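According to Swiss-Prot, the protein carries these features:
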- GLY7, PRO8, PRO9, GLY10, SER11, GLY12, THR13, THR14, THR15: ATP binding site (BINDING)
Amino acid sequence: MKITISGPPGSGTTTVAKIVAEKLGLKLISAGDVFRQLAAKKGMTVEEFSQYAEENPEIDRLIDQTQKEMAEKEKNVVVEGRLSGWFVKNADLKVWIFADPEVRYSRIAKREGKDLTVVRQETRLREEFEKRRYWKFYSIDIDNWTIYDLIINSGSFDAEGVVEIILKAVEVKKIKVDQK
């Protein structure tokens, strides 16, 4: 069973992916964790590292290739990241989670203990950089949701509600854990 969970910053993908992986007994691969770890190693904020990555395509390619290879090796996995739905071609279920930008900014501000105005500006900038990078490096339009099986507004549900919707989709699609 392979599930991808994607969405913009603050939409809840990391939280939801962790819970889904735990409930289904699957391994979790998170691009965001890798990206944040690399930013910290360089002594940069996520926004600074996003700008750095725009000028250094090897960063994105390293993260994306690593995530893709890890997902291909695993039979039972939840892959979380903005591009995971695009890179994990053989996923059984591809999920896109979104929320109103103000809801997302508020979540990020709370999570990171930052001022909402600062988060709003940083997140908009980050999303602009990422959108350009994805198009420039991969010809991916991140706003094209047609590749996803399931699209959920996390502003309308708490994390557990989003998880329940995903678990119901797994049940409806009759997706099973791969025993091989």
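In case you wondered, yes, glycine gets a Cβ from its N, Cα and C as well.
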For the binding-site residues SER11, THR15, the one whose C-beta sees the most other C-beta atoms within 10 angstroms: SER11
Surrounding CB atoms that lie within 10 Å of the CB of GLY7 (ATP binding site), all protein chains: 27
Packing count at THR13 (ATP binding site) (other Cβ atoms within 10 Å of its Cβ): 27
